[in-house]
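As structure tokens, the structure follows; a few thoughts come after it.
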Amino acid sequence: TETENKTDVTEFVLLGLSQTLEVQHFLFFLFLLFYVLILPVNILIILAVRGDPQLDSPMYFFLANLAFLDICYCSITPPKMLADFFSQQKTISSRNCIAQLFFLHFLGGAEIFLLIVMAFDRYVAICKPLHYAILMRKMLCWVLVGTAWAGGFTHSVIQVALIVHLPFCGPNELDNFFCDVTQVIKLACTNTYILEFIIFVNSGLVILICFILLLISYGVLLIHLKTGTSRGKSKAASTCITHIIVVFVMFGPAIYIYCRPFCSWPLDKVVAVFHTVVFPLMNPMIYTLRNREILSAMKHLLVQYFLGRGK
């Protein structure tokens with residue numbers, strides 16, 4: 001029957017990054033090397049923040065949470081992508097496709113809200129330095145992080161609720177290495193114009209507004225530091241610039257993907273790789289390389305570890 005035909009598709013075919021076997025093998029070793037080198041650095045950041053009393057401040061607490069979020073985010077698509085490099089038929093079941101989509105938006109949304117939390121933390125530290133210790137207590141930090149996760153969860157539930165009941169009757173090919181709402185919705189056997197607009201508002205518009213607000217807030221903070229006479233303002237300005245770099249790194253690909261009509265563009269796969277694999281693991285490293293305290297804590301942790309093993 002027609003109804004049965006409309007629920008025919010039980011899996012999607014992923015066309016991947018390349019159809020050439022040699023290129024696939026090269027990309028496998030390239031991404032695996034990146035993963036093996038960068039992932040331990042993110043874990044080391046978390047351990048350093050947890051283990052060093054000098055890093056017991058809200059800024060480093062949020063950084064450790066960012067590193068944890070990025071580790072989780074990079075565990076969604078890369079493992080299957082790496083396995084698919086050696087698979088002739090790259091398929092994903094419709095359930096796994098929806099699950100992948102859910103976790104991508106859950107963790108991605110949580111990360112965006114966490115960046116807003118980090119901007120708020122810098123505002124209090126720079127504009128209300130005398131009240132910082134009272135305002136940014138541990139309990140409030142946990143509440144803010146929890147709110148960021150809850151925000152990401154709410155955003156993702158809306159995305160999945162809009163997609164999960166759509167009828168799919170073919171074709172079932174996704175020209176990418178993972179499932180995302182912008183591609184899956186185009187395969188539905190129904191008019192999705194209104195749904196696409198709602199998803200654009202829930203993803204694209206929210207991302208764009210958050211990006212603009214973050215840039216304005218950091219711009220205001222930098223002007224405040226330039227005109228103010230507070231001590232240590234060069235270090236505070238350096239921290240703000242680091243935050244701005246991460247905001248561009250995080251939001252740039254997301255704006256490219258979600259703030260436009262849901263159709264294929266030539267750079268889609270390249271941007272998707274940076275958005276889901278490369279940039280998330282790089283975010284905490286950008287903070288780390290510009291921060292002497294955390295670099296020192298990481299070195300100390302490594303020295304302790306290797307001395308302990310040497311005994």
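Just so you know, glycine gets a Cβ as well, placed from its N, Cα and C.
Curation does not apply to TrEMBL; its annotations are automatic.
Taken straight from TrEMBL:
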type	residues	note
DOMAIN	41-287	domain 'G-protein coupled receptors family 1 profile'
TRANSMEM	26-47	transmembrane segment
TRANSMEM	59-78	transmembrane segment
TRANSMEM	98-120	transmembrane segment
TRANSMEM	140-168	transmembrane segment
TRANSMEM	197-224	transmembrane segment
TRANSMEM	236-258	transmembrane segment
TRANSMEM	270-289	transmembrane segment
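Cβ atoms under 8 Å from those of the transmembrane segment (26-47) belong to residues 17-18, 63-64, 67-68, 70-71, 74, 78, 81-82, 85-86, 277-278, 281-282, 284-285, 288, 294, 298, 301-302 of the same chain, restricted to positions at least 6 beyond its ends. Beyond its flanks by at least six residues, the transmembrane segment (197-224) meets 105, 112, 115-116, 119, 122-123, 126-127, 155, 158-159, 162, 181-182, 185, 237, 240-241, 243-244, 247, 251, 254-255, 258-260, 262 of its own chain at Cβ-Cβ distances under 8 Å.
The stretches the transmembrane segment (140-168) and the transmembrane segment (59-78) are in mutual contact, each linked to the other by at least three Cβ pairs under 8 Å (pairs 6 or more apart in sequence). Model confidence over the domain 'G-protein coupled receptors family 1 profile' (41-287) stands at 89, taken as the mean pLDDT rounded to a whole number.
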